[in-house]
Amino acid sequence: MLSRVSIRSGLRLSSQANKLGSRNLMVYHRLHNVSSDGNLQGLNEAKDEVTKRKPLSRIAIGGTASQSQKASGGGSGSIEFATWKATALVLTLGGTLYYFFAKEKRRLEIEKEAEANRGYGKPLVGGPFKLVDFNGDEFTEQNLLGKFSIIYFGFSHCPDICPDELDKLSVWLDGLKKKGIEIQPIFITCDPARDPPHVLKEYLSEFHPDMIGLTGDYEAVKQACKKYRVYFSTPPSLKPGQDYLVDHSIFFYLMDPEGQFIDALGRQYDEQTGVAKIQEHVNAYAPKEQREKRKEKWYSFLFN
Amino acid sequence: MGWFSKTKPMDDQSKPPSRSSRKQCWESRDGYFQCLDKISVVNALEPKHQSEIQKNCKGEEAKFEQDCATSWIKYFKEKRVVDYKREKFMQEMESKNAQQIDLSGMVRR
């Protein structure tokens, strides 16, 4: 601005002074002195221009109303204007970034947990099995592909824990459905002797309609349970028709769409926290292809 | 039950227990346990309590045994002892200002 003043003529000095904003008081003062001396013709003319409109003494400090308006547009006032705008911008940006980083951090934690549970090479939990569903159709680990599944082991003559847990699972399934998450619920019996397909069908009909019941011969069920690290015991000497209980471990096994185990949910999860945990896993899930690809990227350390 | 008057529906091994029969069993169990609470009996399987149970909770016991499968009866009686001990332990720990730690959120590696 100042350098521009020097190359312009004295005639336009007064208008330059207006634009100078904060400096205009000083310039006017000089203008007044110079013009009363009458030494500089050009500045005299400028003075006439100003005095014709208003005597200088009546011009308010800081310029006229229109001048001060201009000044506030580009002068000292602009700092205030920029400050609140910048503050708002920093707050919004900072808040948004914090939110996304916190969210992403949690997502990565969950993903790491899932990856640790998937294990390397031979799966720690899960693997091939061959059972029969309650309609008499074959059901293998292939049926787990393409969707998230929850697997629960139990038996129909279970006194209190299994029905409670299955009711809880029903609440989870409905809760997840409301959030747009479809899970395939699977019930595998640990008591094939008393739970043939038609019994399972009858038993599960009183629980969630999506539930699939699996059974098989004793060896097949034993193998499937072993794969899922489920230990169950039936009393050694059984007479036909005898009443007995089966001890078994009680976990919900969450399987990803590749049929791999990602988490075990125990009794500590209630009707709400279970939904939240499963939802976190579903949201954090990245297909195997994507996971492998990411390992080769420069930012792969983020996922280790 | 006609000819098999000694068997009860809950002991039918060819059919799974239904929701309603489970509910009935649980209610009878709760009634029986409430009666045991009144006479301060925790372990109903102990022989020394038998006469007292027979005297005070005969009706409740009969209903409990009729409504629940035989294997469940033993299970519930045992569970009552375990639950009692557990609760007592927790109370004792709480009185000693012990803190319960939730290990559910641990990441397994």
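Counting starts with 1 at the first residue shown.
Each Cβ is built from the backbone N, Cα and C atoms, and glycine gets one as well.
Under the heading disulfide bond, TrEMBL lists A:CYS158-A:CYS162. The Cu cation binding site annotation in TrEMBL covers A:CYS158, A:CYS162, A:HIS248.
What TrEMBL annotates, mapped onto the structure for a quick look.
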residue	record	Cβ contacts under 8 Å, 6 or more apart
A:CYS158	disulfide bond	A:LEU245, A:VAL246
A:CYS162	disulfide bond	A:TYR152, A:GLY154, A:PHE155, A:ILE250
A:HIS248	Cu cation binding site	A:PHE153, A:GLY154, A:PHE155, A:CYS190, A:CYS225, A:VAL230, A:TYR231, A:PHE232, A:SER233
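According to its DSSP assignment, A:HIS248 (Cu cation binding site) is in a strand. Shown in sequence order, A:PHE153, A:GLY154, A:PHE155, A:ILE161, A:GLU165, A:CYS190, A:VAL246, A:ILE250 are the same-chain residues outside A:CYS158, A:CYS162, A:HIS248 whose Cβ sits within 8 Å of the Cβ centre of the Cu cation site. A:CYS158 (disulfide bond) falls within neither a helix nor a strand when secondary structure is assigned with DSSP, and so counts as coil.
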